[in-house]
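Presented below is the structure to which this report refers.
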Amino acid sequence: MSKAQHEQEEQGENFLMRTMMIPSLMRNPMIQFIYSLLILLFLRLVWKATFNWELYAVACSPTDPVLVATGGGDDRGFLWKMGHADWASELQGHTDSVSSLAFSNDGQLLASGGFDGLVKVWDTSGNLKCTLEGPGGGIEWVKWHPKGHLILAGSEDCTVWMWNADNGNCLNVFSGHGASVTCGDFTPDGKTICTGSEDATFRVWNPRSGESIHVVRGHPYHTQGLTCLSISSDSNFAVTGSKDGSVHIVNITTGKVVSSWASQTSSTEGDPESIECASFATNFPWVVSGGMDGNLTIWDVQNSSPRFICKHEEGVTCLAWLGASKLLGTGCCDGKVRLWDCLSGECVETFKGHEQPIQSLSVSSNLNFLVSVSMDGTARVFEIRNFH
């Protein structure tokens, strides 16, 4: 974005929040009832926040069921509360797009990562606590340690940084990747770090020493850059997706590839379509992956085979589990959000409203709401309490 565009946006943008309600002129109780029923049963859109720029990231608080953070192409983030049109806090200070957001596991702090190479830490009122510097390129993702206030961030400059968010000190820099570090996380036990890169490698790190314990590359692993990564709840395995359309599971302890699944379809040019998102199920022996071929594939880990291939009209860009349930939400390039029953492979609901691709999804801590952000500049809240 040019300086002139940025100045014009700052002068002209209004942060608008609206709640859906029955118009005051509709006094007839029957009309009110029918109007409400149409909203809840057919649209199920219960709240919307409108911005003037593309939105890239959304995160729901793990402790406050109505607190949400969003960030996008206007170089700013916002903290807001679902259903509270009069409460919002602007997160200022980034000089490029806010690309990633994450709440600490205790819900006390929020981290925002930007393409300006900065990570900023905020309290839940929107007050800036500290700015974490160091990376020489844009921030691709931010993650919190599962048991404390340590922040991990991957950068376009091929490095991964770890800071103490309470005092702002850098604790370690992990170097070794040969291209942008596109995905990564702490293992759930907090003892190990896993990262994936545009260089088509997966690395396992010792967070204390900064040593690279394992490097996974070459046959039978990915041939193109990694796009996504998820770690099993027992901290033993990582699943990765890639631009090459394949999905692999790696044993984190041994560094060995234990399962490999090739692309289920190819584009008209003959090249595999990129996998954009992948995740382990918490209480089931499943892995799910979504790609630009429009497929959500539910994999049976034990049999190393697909249980279901769930078709979308366009590419699948993001996904979110509804807690530890069998239900999964997907965001799509067609602007729709879908709920899937992964036990049956059936789509149980389709939420409409966005006009452009969905960029990110997040589920409220009470599992009542699914929040989506889109390139159309809106964040939308859908009610899901009746599905679990």
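Each Cβ is built from the backbone N, Cα and C atoms, and glycine gets one as well.
All TrEMBL annotations are machine predictions without curation.
According to TrEMBL, the protein carries these features:
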- 91-123: repeat 'WD' (REPEAT)
- 132-173: repeat 'WD' (REPEAT)
- 174-215: repeat 'WD' (REPEAT)
- 219-260: repeat 'WD' (REPEAT)
- 268-309: repeat 'WD' (REPEAT)
- 309-350: repeat 'WD' (REPEAT)
- 351-388: repeat 'WD' (REPEAT)
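Mean pLDDT of the predicted structure over the repeat 'WD' (309-350): 98. Sequence-distant contacts of the repeat 'WD' (132-173), counting only residues of its own chain at least 6 positions beyond either end whose CB sits under 8 Å from a CB of the stretch, comprise 96, 99-105, 108-109, 111-121, 179-186, 188-190, 193, 195, 197, 199, 205, 207-208, 210. Under DSSP, residues within the repeat 'WD' (351-388) fall into helix, strand and coil as 3 helix, 19 strand, 16 coil. Helix, strand and coil content of the repeat 'WD' (219-260), in residues and according to DSSP, is 0 helix, 22 strand, 20 coil.
DSSP states for the repeat 'WD' (174-215), grouped as helix (H, G, I), strand (E, B) and coil, give 0 helix, 21 strand, 21 coil.
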